[in-house]
Structures are given as structure tokens and as C-alpha cells.
């Protein structure tokens, strides 16, 4: 891939913003091993379907103490640079989103600078963004905004989104996962982000990590379930309101982008945008079932804005769904059930093509939504993906959420080919559940340790991948590459 | 202050970037108590001058367990909103820079959302940026870039920069400090940031916080001293190179901004920018002496680029300073001594007016450089400050550094008056050193504790300020306001 560089190293004062900023290239890194959630049900002695149907999980990836967030990020970025033959000097910014904090001060980003040292490129802006699973989306927005700012110097940006999601023994453990995405961003991209963001942020204690000496989070189950859906309602509403205002402005100014609804004007201006305006809808997916619920909730919002639309003709007892307040609807199991059923076909068409990483790797936290993007590119033929419009719902507990969209304006063939995602996911080793339990015990034992050499076997590292060699007496971490096969 | 709102809630697609993005308003929050570093020398039984001359420190602020980074940020932002009568709905983005991590997932930003809930504004982008003391500068750049991006919706942004800098007993303890700045950013501002950033990032272990269960950092003294200065050399060089390229471009295009050097063309294009091009030069100031060294190093860089300039006529034995490599010069005490002496007057004129917060509060980590900005506005008469140009050197260990500039294009009277910084710093209680030692013991005891009520007295909280009321059994933190006096 020839990565277009508009100019180098000169701040473009008063030069118009570059056009079509988006994804030029992409890579996903993940551990070599995974376990089957069906086997884990048996291993844990829980009822069949608890993880596979209840959570909607199929497999889950995890590293032992040979990998950490720095080695994950190094692998994702090194893979990106190598596969696409990117000149390290062509990078002017790197933003990392992660909630896997192994140092309260030093950023993951500083470790990535090792990949650019040989080329002599130390002039790379951007550090780490933190708020649960939302850090990646903040990183993405920040990198795009840099390219659109007067401070942009013509070089491309990289966004890294990755985490190691591990839980204490108990109900949440099967909802873990691991992986990291690296995304090359620049102008004139085949995948182009649109400017409107519908955002919702508020102070919640649904999932958080206040126990600094543990790698595990605190999770308030009941609060957590509602927070995601409530944030989706709000972020999606803000997005739709802004879209409606923009359409109105465009109409006033004599423009139309083809998305103005004709016929009877809906009473709710939010109806200016619905699921029907996108070809694909991607959701932050802590587990598969959450994406199903998110998709259904989007449809529920569409229904509330335009209940008389033909697509809702089969919704049973619609008055009840319209009479309830938004707050009441959050905990109404009948709402969930009805709209999951009503959106089944839509989910299969618009969301499932983006679920490959979630199904194989589990929850990548910040990487989850961008794993959906990678899966979509990997699963859909470039000719079919071209000219499609895709929505993204980003969510991080605490909480921070944004709803936004992108358009596929160019050819995604090279990204699909270079990522080689489906083959690589298939090549993972599916191992017995005891290996997973042992690996997590090893992580617990060595979490935050000083003066130690990890115990995990190098055989479980992909050939040529970075891993943690040792932590010295001053907590300094050393990374080396596994031998090539 | 009437905060200008260009438009509300509509993404300005294809509308040109807004002009003159910068500081519209500012607030600094700090604890009510401080100790004298001279008294601390006596208290610690060290040689007189070790802290006051060796480190260049005068006083140091610190909170006990009644305050944390969330209450700091709440106070800075609440103060900003109240003093300037800012409509909470006029804010579209908040970026927090901090390295005081009390939750590995939940951002400080989410706590700030409580200040906007009553107004019903939950659509506020931005989360926390992390890399040592550089998080604030990343937050600033990200907020400015948002305003310059196509995603900007016409609202203003707030940047929060704050930390609680505490050290284990030993040599580093007197270099602590505490405080938080809140900055309102928008277009058509009196203090306008310029677009060129000279950045240097690399993988160093100078100061870091790998021991997650402790509030204290690991510091590698010898590495730390060199890292700051080496990063300044590189960031300043990149800035000067970019400035030179921009000037060349401007000349090609027939423009000149008055900063092109006349007469003999210097051999080194970096000479296109020097200390002489700014009226004030602000430096990240972990302690006062570091700013002195930073200023001297800037002059040393200027000297290396244009040794024959008249201002360097009195430098003794200039050939020796020119012959040494940049690396050799980093550890050359004679370089440091010579250029500190040569820059004494320049420091007093250009840097010292920005040192008020550093002198009274000590190290605010991410807040340090922005405390310099606040001090400059507080100390210099608006008529004198107007039309001046100011340089900023941001540094965070690990490491990340940027050199950039702003111009004062408007009246800073209202900011100076509303911040009331000098009076408020003077109103702090200077207390016996034992109170400081006791407070840090209390922080150690209660760090990361669960189910507890802080023991610190409310009398040490400013009237009307937020403080930590309690942490419940699920680690959830509750903040309340101290009674008004």
C-alpha cells in the first residue's frame, strides 16, 4: 500500500482542512490461545448455554504473564508498519486507548516509541486516553481532529486500542477477552469518518477499577446492564437531533444529501436518522448478547420516534411501549424481548458481520468496537462494502458513550488481505480450560511484581511477536521477539 | 465575562476553521495549607539551602486524605463556571490531564459531569489523558484540535490539569506539591495558541509509577536530570526547524511575519527562532531550579545555532561549548553553570513572572506549566502582556515533551481579576512541617482504602470547596462542599 503523505513536517497554517479523513490501514493483534465457552460451561459446572447463549460468547482469548498491554500494543503497531510497509517517518501522531494500567504515570505510547527510534522519528504527538472501554474512541477522535487542525503537519496518525480483560473467579470471568487493534489514519481514506458525534457522559459506578493492587474490576451487575442501554438512548438521540438540525440547515441552504425523509413529516425530528440509514451497525461488544441488546435498543428508539412507520406494523401492543417513560423502558424485559425479536434479521445483516473478533477473542474492552470494524472489513466483500454507511456505538463504563458513523468511499481489498483476520483467528490454538485458569493464576501471582521473569512458555507466543522478557529490580520492563517459526 | 458562543450543537461541515482559538477564562484550585521549604530544611535536619536554593523551592502545598484528584478537579471547574458565570450548556468538551490515578478505569472527567447534570448537559466529549506531567498538554492540544475540527459544534471546551504530587520520605519529598488548573478554551480568545508544536517522545524510565498500590513514584535521579534537558533540546529543535520551514514557505509565497532575521543569514536554519522571539518563556517546573536550567538550556541551544550573535559576545571560551556533542553537553556542569549565569537577567524578565504558583504550591505535575500561565496573567499588567508572545515547554517523564507558543492578542484584565491568584495564594495557611508529615501519613494509611471516612479536618478545606466525604463498601466516592465561612 502506498500511504499518501500530503506534505511533511510543515504546519499548514490557513490551509483548508484535508478531506475524507479515515482508515488507511488496520491490524489486529491477539494472543495465540483461546478456550471454548461451551467447554468452560462444562468445566465450571454451570448450566449449558449460560455463557454461550446467556452471554452470547463462543471463544475467549487470554495471555499469561508473558504478555502485557505494552507487548500487545507493540505487536499491533509493529504488525501494521510491517504488513503495509509504512515508513516510520510518515507517522506524526500515535494515540493509545486502554484501561489496562500497569503504570500510573508512564504511557503505553512511550513504549511504542521504540519502534520509531531506529528511523530517528521522535516527533510523534499523542499519549494515552483513559476511560474504561471508551479510551479507543477518544483516541480516534483526537487523532482525526489533529489531522483536521491547524497543527497538522501532513503526516499520518496511528490509533491503538487494546486491553487485557480478566475477571476474578465468578460470574464475570467468562466475559473476559484480549486483543489490540492498530489503525492508520489519514486523509483521502477508503473508510471515512463523518463529523457528527452524539455523546453521553455521566458519573456512574457500573464497572470500575478502584482496587489498584488488583487486575480485576469492580462490577455492579444491575447498574451495569442499565448504564449501557441508557447511554445508547442518549448518545443515539443526540446524534439524531444533530443530524436533523444539519438536514434542516442543508435544506435552508438548498442542499440535500438524500437522507431527508419524504412523505409525511414525522412528529419527532429524531426520525431524521434511523437504523434504515445505515448498511451496518457496530456496537461496543463486551459480550455478544450486549450487541444484540444494543441493536434492539436502536430499533426501539426508532420505533418511539416513528411508531407508524411500516417496519413497525408487526410490533404487538405498540401503545404500551409508547406510554412507558424512557426510564421505565430500561428495565422492561418485554421491551428487550420484543425488539430483539423484531431486529433479528436486521442484526444478522447489519451487526453480525462485525462480530468475528468478539466471537473468537471475547471482550477486548477498548479494542472491542474496532475489532468489530476489522471483522466487518474481513467478512464483507470489498465490492459490497463500498459505498456503504456504518454506525458505531462506543461505550465505556463510568460512563462515556458516543454514536457516530463512517462511509466506505474506497476499496477495502488491501486492508482485508493484509489483515488476513479470519485465517489468523482460525489459526489460534483452542486449549483446555485448565490452561486458562492456570494462566490467570500466574497473572495474579505476578501482577505488579518487581525483579521477576515471567513463567509463561514462549511456545504460546506467535512466532516473531513481542513478549515480556523480564521486569528488573526497578520495575523496568524488557520486551523481546519470539523466534520465527 | 460574556463567553462567545459561535453557534450551538450543529456540526459545521465545510465551514472554515474558527480563528484565534485559545484561553477565554482560567481558574486555579489549590489546598488551603502549605509549608515553608526553609522550615522543612530545619525540620528535616538538612543543610540550609538544600531545598530553597538547591531545588529553588519556597513553599509547598499538600492535601490530607480529605482531598483527592476528583475533588481537586471539581473545585477547579466549579470555580471556573461560577467566577465567570459560564452557562454549563455552553460547554461541549472537557479534557482532563492527570497522573494521579485513583481508578484504573473510571476517568476524573466522569466525576466532573456532576457539575453539568442539573443543566441537563451530558453531551460533553473528552476523557482523561495520561503520561506523567504531559497529560495536561495533550488535553490542551486535543481540546484545541476539536475546536478546529469538522466535529466541532460551536461550543467551548474546558481543559483540566491537576495532580497531587507526593513522595516517599527521602530526598524527593520536598519536591512535591498540589493543585489543579481549569482553562476555558474557545475561538476569538485573548490568549491565542499558535499551531507549530515541536515534539519529542521516547521510551525512558526516569520517573514512573509502576507500584500500583503506592501513591509514590519511582525516580531514577541521574536519568531524570538528563531526560528533561535532552527532551528540551529535541522539542525545541523540532519547533525551530518547523518555524524555519514555515518562514521559508512564507517568503516563497511573498509573506513575512516580521520574524525573519535580517542581515547575515545564520548557517543553522534553527536560528530562525530564539529566546529573543518571545517576551516570556514558561517551562514545566517540577521545582524552581528546573525552570532556571530549562531557560539556560534554551539559551545554550540558541548559542549553538548562532554563536556569533552579539548577545553571546561574553560567553567565555565559546569554542569548547561548540566542539562538544549535544550528548556530552547534557552532563557538562560547566555548560549549565555558564548559561545559567548568562541567562540570569533573561530568566528574571521572561520566566520568573510565571513562577508564582510553583513558588507557593510546589509541583502540580500536569498543572505546573498551566500554573505558570496563570501566574503570568496574574503578575503582568494586562496592558504590558498584550501583544506579547510566550513560549511553553511541556514535559512529562517517560517521556513526552512539546515546545509551543501563544500570543496575547486581547485583554487579560478579566482573567487576572476573576482568578485573583496572588491574593488567594497569599491567603494560604503556612503551617508547621509536622502537619505535612502527619497528612502524608494519613494519605498513606488511607490510600486505596474501602469503606472509610477520611480523618482530615474540614477546617483545612477552603469555605465552599468540594472535599471527599466518604468511600463506601463498593469503593464509591462521595463529595460534598465545605460550609461557607
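The chain as shown is numbered from 1 upward.
Any Cβ shown, glycine's included, is placed from N, Cα and C.
Annotation source TrEMBL lists active site, proton donor/acceptor at A:99 (among others). Taking Cβ-Cβ distances under 8 Å and a sequence gap of 6 or more within the same chain, the neighbours of residue A:99 (active site, proton donor/acceptor) are A:130, A:131, A:132, A:133, A:135, A:163, A:209, A:365, A:366, A:396.
Annotated active site, acyl-thioester intermediate per TrEMBL: A:133, in sequence order.
If you look up TrEMBL, you'll see A:284 (among others) marked as active site, proton donor/acceptor. The number of other Cβ atoms within 10 Å of the Cβ belonging to residue A:284 (active site, proton donor/acceptor), over all protein chains shown, comes to 32.
Secondary structure from DSSP puts residue A:289 (CoA binding site) in a helix. Taken from TrEMBL, the feature CoA binding site covers A:224, A:289, A:293.
Positions annotated as domain 'Hydroxymethylglutaryl-coenzyme A synthase N-terminal' by TrEMBL: A:17-190.
What TrEMBL lists as domain 'Hydroxymethylglutaryl-coenzyme A synthase C-terminal' is A:191-480.
DSSP assigns residue A:133 (active site, acyl-thioester intermediate) to a strand in the three-state reduction. All chains included, 18 other C-beta atoms sit within 10 angstroms of the C-beta of residue A:224 (CoA binding site). Largest Cα-to-Cα span within the CoA-binding set A:224, A:289, A:293: 14 Å. Under 8 angstroms separates the C-beta of A:99 from a C-beta of chain B, among the recorded positions A:99, A:224, A:293. The domain 'Hydroxymethylglutaryl-coenzyme A synthase N-terminal' (A:17-190) scores a mean pLDDT of 97 in the predicted structure. Rounded to the nearest whole angstrom, the C-alpha distance between residue A:284 (active site, proton donor/acceptor) and residue A:293 (CoA binding site) is 11. The highest number of surrounding Cβ atoms within 10 Å, among the binding-site residues A:289, A:293, is found at A:293. Surrounding the centroid of the Cβ atoms of A:224, A:289, A:293, where the record places CoA, the chain contributes additional residues within 8 Å, namely A:225, A:228, A:229, A:286, A:287, A:290, A:294.
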